[in-house]
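Taken straight from Swiss-Prot:
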type: TRANSMEM; residues: 5-25; note: transmembrane segment
type: TRANSMEM; residues: 30-50; note: transmembrane segment
type: TRANSMEM; residues: 59-79; note: transmembrane segment
type: TRANSMEM; residues: 92-112; note: transmembrane segment
type: TRANSMEM; residues: 122-142; note: transmembrane segment
type: TRANSMEM; residues: 153-173; note: transmembrane segment
type: TRANSMEM; residues: 201-221; note: transmembrane segment
type: TRANSMEM; residues: 238-260; note: transmembrane segment
type: TRANSMEM; residues: 267-289; note: transmembrane segment
type: TRANSMEM; residues: 301-321; note: transmembrane segment
Amino acid sequence: MNTLFAVTLVFVGCCSNVVFLELLVRDFPGCGNIVTFAQFAFIALEGFIFETNFGRKKPQIPLSNYVIMVTMFFTVSVINNYALDFNIAMPLHMIFRSGSLIANMILGIIILKNRYSMSKYLSIVLVSVGIFICTIMSAKQVNVEKGGTEEDGVYAFMHWLLGIAMLTFALLMSARMGIFQETLYKKYGKHSKEALFYNHCLPLPGFLLLSTNIYNHAVLFSQSPPMEVPVIGLSMPVMWFYLLMNVITQYVCIRGVFILTTECASLTVTLVVTLRKFLSLIISILYFQNPFTAWHWVGTAVVFLGTLLYTEVLSSIPAAFKGYKVDKKAE
C-alpha cells in the first residue's frame, strides 16, 4: 500500500511540478532564481519544524561536511533553473538531466576508479548519443526560429550554447555531489531527511547574491493578472499561484521519492523515476506544444533505452516473468 502511495506521489507531484515550472518560465524565462529560492525556503522551513524539532536536534553528520555538499547543491540548483533563460526548451532540459546516471558513472570511473560491465559502458554510449541527437536538433531549431538576421541568429545560437554549457557543468557537478554524499553516508550512516534539510537551509544566505533578480521577478509576478484560487475562492496574481503550486508539488515529489527509497529496491526507484521523466516529457510536448521532431523522439528513445540498460531493468524483466510463471504453476 505504501509503495502504491509513493508511486502515486512521484507521478502526480513530479509531473505537475514540471507543468507549473513551464507555466512560469514561458512568461518569465529568467524566473529560475525566485523559483529555486521559494523551493529551498519551503523545504528548509518544513525540515526545521519536523526534522530538527525547531533546531533542538543535533546533526548526525558534521556541519563542515554539509557546507561542502551544500555549496555543490546550491550551485547545481541555481544553474539548472537559470539555464532556462538561455533559449533552452523544457524538453531538452529534461532530456539533458536524464544523463545524471551516466555522469555519475563517468566520475565514478575517474575519481573512485570503479570498473563496470560492458552493458554499463554501452549504456554510456547510448545516453550520450541520445543527448547528442536531441541537442543537435535543438541547435538547428534555435538557428531557424531566432535567426531574423544573420547577427541575431549567431547571437541566439551562442546564447543557447552557453545554456548547454551550464547544463553540462550542472550535470557533472551533480554527479560529483552524489559521490561525495555516498562517501558521507558510508562514514556516518544514511540520514537522508537530515541531508534534505541542511541542503536546503544552509544555502539560503547565498540567495542574497541573487536578491535583485529575485525582487524584480517578485514585482513582475505581483503585476500578473489576478485569478481566483479553486476551492478557497481567494484572488491572487496568477504567477504567484503557479509558484505556490510549483513549491507544493516539488515537496510532494521529493517526499514520494523518499518514501519509495524506503519501501523498494533502488532498481524499482530508478525505473519509476525514469518513467516519470518520460511522462513529464510527453506532457511538455503535447500540452505546451513544444517543437519536437522525429529525430528528437529517436534521441529520447535512445536516452531512455540507455538508462534502462544501465539500471538492468531490461534484463530483470524476463527473470521476474519467469518467477511469476513458476509461482503460478505452484498454485
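These residue numbers are counts, starting from 1, taken along the chain as shown.
Yeah, the Cβs are placed from backbone N, Cα and C, and that goes for glycine too.
Using a Cβ-Cβ cut-off under 8 Å and counting only residues 6 or more beyond its ends in the same chain, the transmembrane segment (238-260) has close neighbours at 2-3, 5-14, 16-17, 20-21, 23-24, 27-28, 34-35, 38-39, 42-43, 46, 192-193, 196, 220-222, 224-227, 229, 268-269, 272-273. Count of Cβ pairs under 8 Å against the transmembrane segment (59-79): among 5-25, 92-112, 122-142, 153-173, 267-289, the largest is for 153-173.
With a cut-off of 8 Å between Cβ atoms, the residues of this chain six or more beyond the transmembrane segment (30-50) that come close are 21, 24, 77-78, 80-85, 193, 196-198, 200-201, 203-204, 207, 210, 213-214, 217-218, 220-221, 243, 246-248, 250-251, 254. For the transmembrane segment (5-25), same-chain residues at least 6 beyond its ends with a Cβ under 8 Å from one of its own Cβ atoms are 31-32, 35, 84, 90, 94, 239, 242-243, 245-246, 249-257, 259-260, 263-264, 272-273, 276, 279-280, 283-284, 287-288.
Where the transmembrane segment (153-173) meets the stretches 92-112, 122-142, 267-289, the count of C-beta pairs under 8 angstroms peaks at 92-112.
Counting residues 6+ beyond its ends, the transmembrane segment (122-142) has Cβ neighbours under 8 Å at 87, 89, 91-92, 95-96, 98-99, 101-102, 105-106, 156-157, 160-161, 164, 291, 293, 295-296, 298-307, 309-310 in the same chain.
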